[in-house]
């Protein structure tokens, strides 16, 4: 039924044709069940395991690898001779990588689907209904409830469907609907129509929503929506419809994959076309098809070389290390890619209750009467320290601590707070914190009594459990609570009737009252000044109300409660306690004692975190279900708004936002920093508008209502104390529910991205080198310098270790003084592309050069000519060009070993280059990142392992090298450091952003100035090695003069 909240009880009952006392007939139930179905959220039809596995292979990079593996497998099948077994290694390793990748992907997908299933925990199992087949209430399965059913609910029940209240059977009905609306306190319900058809859920005071809990009272109602038509069902539909946004890094890698696939395709085709003339060479037995297949194999090797197979593993490792560091800071990351996304967060949309505030109501101000002279009076105003439920804090007057037992008015005020109260404090030993038992407002009063300690109770030596209610217990021993007059909407107060535990002539029964100031003070005829009772005058009343109004609308926007007593109440026998309409008569002729002002206080550390966000160019937006006045006041206290800042067009309620046209809504999201009284749909809409401005949005939430927006935003952040739905829909969970933890996580995310950039560039330059190597080999007609299994080893193992170690580079000191990076900023800029292309070309040329050196100039090598090397496929006994050359020499493992050793060594040098993007190695020596030094040593050890430990040389088709050959490897590899140092110098002095090329006027370029900051231990360590390497003769020059 649409807009049931706007209809009268009679209209709603008439719509369903039902009588409140008898309920639906079985025939009606059957028809309604057929029309509306079961009252449950349908199980999400998850993807099958096969569908999930297939989905993992939709990534372009993965498809290229899969194609390469399949082709390699087919080619290996037709391989002949000794190479048959080794030929299968390559496709097997590639498939192993892909399977591991798919397993991780499927596992993450399965986790994501749990979010929707977690909603089921809010579905009640049973419900109490009236139906015509029985005269009394009956318990049935909640899923069998239909629209039109008459339902009974009472304290402790979970609401089984969306219900329009028809009658309340207790004094009041309180409902905890925080999981749905985010309201921090339970809500009082009534049965009157709410005429506004556009009312938000918080304002539908005559409705109960499925999955919420009854905090107090008993009522009857008619079901108006079941299953997916309930408010919680709509959230489920929204979650199902919400597509998970890909993180900026995932998008970058997708783009990189596309570009790479195009480049690979072009190069593979080019290599194959270049060699068409060689298809009929004698080595292929004169068969054009065999020649075509041979060069197709080379093209496949090229594809393997071009794909950075180690990249996914290195990224995962770096992100995983980042998550461990974040977990130590109480940020538990559920989705690895979101670690990097945190680094470019530009907007944080934060919940108020529990995140920016403690979600622990505390009394921070109170007053009692000091003096009354005629129509004027003065007040004793006090402030209270401590902003949690811990009974630790002091009462201050004029910024000095006071002893509360010295003020009679405070003793009576504490007595009212302790007795007119059904809540308590409890120490949770597992968590090590004090928690509320009962209502937040009443717990704040319980905590106040503990801080006041009006009877000077000895508290030393008490355990934390005993300490929780020590002072309250002393007061409760003095008087016995006989009965309670529950809160009602008409009088806006509640009271307790108490009798002394030790009756005497002076001590009599009393009624203690607390409630909304305007309701209580209107019924006060007297005021308490010290221990005397003085008549209330209009002037005194005006003074009291002006202070209360100031507290309620000032910078704190306190929630005020007036406290009063009835010194001579009627006897219990004279009262009619069955009818709550009479309660207001018994709560008249009251004596005003004092007033307390409370709030859900901001966390102490939040203000500094908001300031840090502003420095880092991150906008903080508060989004709350609370009212606008309170929200703006908290914003001012924590620095989202300035103390006197005009909040027009910067703060909106959900209703005000809805009344704007779409373009005005979009404009509002661009400028606003506070949204109050919002519904779940508003949060999702705000995220959409922010995303339309290319903002990277982090959204916090803890309730079921937050789940769709958490899923839609780039970074969904759930509270550790939040619902399972919110946690499973999020990328990150805050173990301590603290806003400051988000800021720490953003800082960590920025550091991780900077390091990730370094190792991605390092790996890509390595792959460029491998591509250039194979392309040059094919273009020059040389024998294979590197084979696919060797390339896989380099990409996955020897390159992977230093790349992972680059993730340990220390973060920049000014990392939170820079604006968020643009998520569209390319991983590799034009200059960097040139730089790594240049390095890559050198790597490729050096690798091919090392193999050529062995053929042309090495001692113990065949010493063939360049022509013979580039036409080796024409080598046969009757060819005069190859007279005296053993054709088997072109299949020797030595040149391949030289090429692989140069590739590995040059990549280790390249890892040192990646220690800093633009800083020289002379100023930033390798031991700045000790993990990098360790990983380089480990990589080289693994390379020695495959060279010198049988049977690994056979698998990799290589052979051990002697000292002269290793010196040659070093000669060819070390120049890459000099080359990159030159490029860094250009970047530092001419291309660095914001760098002005101005000649310093004050500092002459003396020797000391030029050598300032150089690490001399590094220079002294490296110079002897370089001199020794280049002074040893290895016939290097012979290669060029042969």
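Cβ atoms are placed via backbone N, Cα and C, with glycine included.
Remember, predicted model here, so these are calculated numbers, not experimental data.
Annotated Mg(2+) binding in Swiss-Prot involves 351, 353 plus, out of the candidates 658, 694, 702, the residue 702.
The ATP site recorded in Swiss-Prot includes 353, 442, 489, 514, 559, 624, 625, 626, 677, 683, and the single candidate from 330, 469, 582, 705 that the record places there is 705. Cross-referencing 656, 659, 907 with the Ca(2+) 2 binding residues that Swiss-Prot gives (767, 770, 798, 799) picks out 907.
Annotated range for transmembrane segment in Swiss-Prot, selecting from 859-879, 964-984, 985-1005: 964-984. According to Swiss-Prot, residue 88 and residue 823 sit on opposite sides of the membrane. Among the ranges 787-807, 1018-1038, the stretch that Swiss-Prot annotates as transmembrane segment is 787-807. Per Swiss-Prot, the stretch carrying the note region 'Interaction with HAX1' among 415-434, 515-534, 535-554, 575-594 is 575-594. In this view, residue 875 (disulfide bond) is surrounded by 21 other Cβ atoms within 10 Å of its Cβ, with every protein chain counted. When Cβ-Cβ distances below 8 Å are used as the criterion, the region 'Interaction with PLN' (787-807) is approached by residues 72, 86, 89-90, 93-94, 97, 300-301, 304-305, 307-310, 313-314, 317-318, 321-322, 752, 755-756, 758-759, 762-763, 766-767, 770, 896, 900, 903-904, 907-908, 911, 914-915, 929, 931-932, 934-936, 938-939, 942-943, 946, 955-958 of the same chain, each at least six residues removed from its ends.
Cβ environment of residue 441 (phosphothreonine): 185, 361, 559, 561, 598 lie under 8 Å away, each six or more residues apart in the same chain. For residue 907 (Ca(2+) 2 binding site), the nearest neighbour among the recorded positions 351, 353, 702, 875, judged by Cα separation, is 875. Checked against residue 798 (Ca(2+) 2 binding site), the recorded positions 351, 353, 702, 887 differ in C-alpha distance, with 887 being the nearest. In sequence order, 872, 875, 876, 877 make up the list of same-chain residues 6 or more apart from residue 887 (disulfide bond) whose Cβ falls under 8 Å from its Cβ. Distance noted between the C-alpha atoms of residue 799 (Ca(2+) 2 binding site) and residue 351 (active site, 4-aspartylphosphate intermediate) is 44 Å. Restricting the average to the topological domain 'Lumenal' (851-896) gives a pLDDT of 80. With every protein chain in view, the residue among the binding-site residues 767, 798 whose Cβ has the most Cβ partners within 10 Å turns out to be 798. When Cβ atoms from all protein chains are considered, those within 10 Å of residue 770 (Ca(2+) 2 binding site) total 29, not counting its own.
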